[in-house]
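Structure incoming, see below.
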Amino acid sequence: MSNLSRRNFITGGAIAALGGTLAIAGCAPKGESSSTVAGAAGEGAQAWTGTANGKGGELTVEVITEGDSIARINPLKSRESYGVGTAGIDVLSDLIVKNQTLNVDMVTGATVSSMAFLTAVSDAVDASGMKSSEWKKREKAVPQAPEGLTTDVDVVVVGAGGAGYAAALTAAEAGKNVVLLEKLGIVGGDTILSGGAMAVPNNWFQKRDGIEDSVEKMAEDMIVGGDHVGDPDLVNVICEGAYGAMEWLIFNGGVAWQPYERFFGGHSVIRSLIPEGNEGSGIICKLDKRAEGLKNLKVCRNTKADELVQDASGAVVGLKATNTATGETYDFKAKAVILAAGGFGSNVEMRMKYNPEMDEKILSTDSVGATGDCHVMAEKIGANLIDMQYIQTYPTCDTQTGALLYVGNMRLENRAICINKEGDRFVEEMERRDVISNAIKEQTDGIGYMIFNQDGLDHTDIATVNAAEMDGLFGRGQLAKGETIAEACEPFGIDAAELQKTVEKWNGYCKDGADPDFNYRAALNPIEGGPYYILAYKPSVHYTMGGLHINTDAQVLDSDAAPIPGLFAAGEQAGHKMGTNRLGSCSITDVFVFGRVAGANAAALA
């Protein structure tokens, strides 16, 4: 572990427009140019607008033209996800302007946002009098590898998610030459798609609020929450390293945290920090910026790991990879390789190989890149896979897309109760994820609902931070609002009379300070007075507990439990830490603790 210095602290300023509309001036009507753009481009520049539907809703762009060329592209209105959709848009905008072409591929990992952006830009180009169809026939532009990339390095890291960035930055901070490979066109993995919550025992908010906690208590929660299947030694590394990893994120990464914590199911006390912006992008985007400032670290997007290279003794001494955008192949030589490419939740075939119940009927919250490529790659050289049958579902996900519902965090804010179509509660809302998921499967249509009211919503920042998600859910009939409980029930066909009784009973429990039905373990907050909201949800595959077997030094083990020299793994890539089930917010702790462990130990070999 490197020494931490407050001189290295980078303040975490507010991240603008997270999940919301970019507050830029309104746009001109379609097909109508603005007046000459003063001071923004060359003489005679004009602005044209185009609109399309993105993943977050309406996307409007302004294209600045100078004669027959595109000088600049500005998003006027966008609710695309920060660090994901916005990253894809940035890539395409740069390619289009630099190469004067619309012949570009969609950015993998941000496909929907990319398609919408290209459609909107094409719309604006047509409005200018030029023909987008002709621009799309021009020479194709593709993202290029980082300038100065060399294949002779000290450490290769595969997967630019939380664990990958932690490993790569730690090794680079130790003075080693590092390359970080990401097969998608954007970085972040599942970390950037998550809420970014991080379980940290003995943190300053607990001390402020008089909450007693300890490393041992968190470790016990994780072991019990995973039904005593996880390796206690690995769990202890996570819990003991949590506070240091949190400090590293602040002082070395510039990550800022909200001034409150969140209670996740299965934990015995509240201990989970929330990043500024309430999303994993509040962490990943800061780490990516930190990486950009290091000359000895190169981040290679669109670069897929193909094969591990070993010497005569069996030690891993490099890796073969392919740039999927350019077709260029690389033969990296390194003293160590760190695999941090996440799980396999998006690979249905692989899921069913280890757990036949996890078939295509169950959607996934995971990144499209979570396909288990590196599990297979490492297994080919003798690495041991462990706990692969344990696959977690997240209980409150979109019934149509499978995406994790952040509006569903009303449950974690202790402001909602879980009900079924019959209007009854069916589970303790703060239970383990697997317990809630299994309970939902037993309900009518395999769907659960949660009810909350305006007062509860106003006690959180959920409506503000997740405005785009709420609008989308209303539009697709997955979220309903009514002045009365009966009005909110109507779109879903929920038994309103029974739900009225359930809410009244709940409010009584809140006054009494106890829940005799399900022994609710968090703060009891009543749901009194409208307007009322009801959200539909069902479980989606969220996390794969199994992966490469590692030891406490993050070394990958073979079938005889012996370390494979030169090979490390971290994050969801590595198994046998969580057991049968993972407690919420422990994954973020894991990726940054073991990412740093892997990075430090890999650097020690170089």
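Cβ atoms are placed via backbone N, Cα and C, with glycine included.
Not measured: the values here are computed from a predicted model.
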Given Swiss-Prot annotates Ala163, Glu182, Thr191, Gly195, Gly196, Ala197, Ala305, Asp373, Ile588 as FAD-binding, which of Glu216, Glu357, Glu572 belongs to that site as well?
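Matched candidate out of Glu216, Glu357, Glu572, per Swiss-Prot for FAD with Ala163, Glu182, Thr191, Gly195, Gly196, Ala197, Ala305, Asp373, Ile588: Glu572.
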Looking only at Ala163, Ala305, which of these binding-site residues has the biggest number of Cβ atoms within 10 Å around its Cβ?
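Result of the Cβ crowding comparison: Ala163.
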Provide, as an integer number of angstrom, the distance between the C-alpha atoms of Ala305 (FAD binding site) and Thr111 (FMN phosphoryl threonine).
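Distance between the two Cα atoms comes out at 21 Å.
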Report, in whole Å, the straight Cα-to-Cα distance of Gly196 (FAD binding site) from Thr111 (FMN phosphoryl threonine).
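Cα of Thr111 (FMN phosphoryl threonine) to Cα of Gly196 (FAD binding site) measures 22 Å after rounding.
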By a simple count, how many Cβ atoms lie within 10 Å of the Cβ of Arg433 (active site, proton donor), its own Cβ left out?
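Total other Cβ atoms inside 10 Å, all chains included: 23.
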Roughly how many angstrom lie between the C-alpha atoms of Arg433 (active site, proton donor) and Gly196 (FAD binding site)?
17
Hey, which of the binding-site residues Thr191, Gly196, Glu572 is the loneliest by Cβ count within 10 Å?
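Taking Thr191, Gly196, Glu572 as the binding-site residues, the minimal 10 Å Cβ count falls on Gly196.
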Please give the greatest C-alpha separation between any two of the FAD-binding residues Ala163, Glu182, Thr191, Gly195, Gly196, Ala197, Ala305, Asp373, Glu572, Ile588, in angstrom, as a whole number.
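So the maximum pairwise Cα distance among the FAD binders is 29 Å.
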Helix, strand or coil at Arg433 (active site, proton donor), per DSSP?
helix
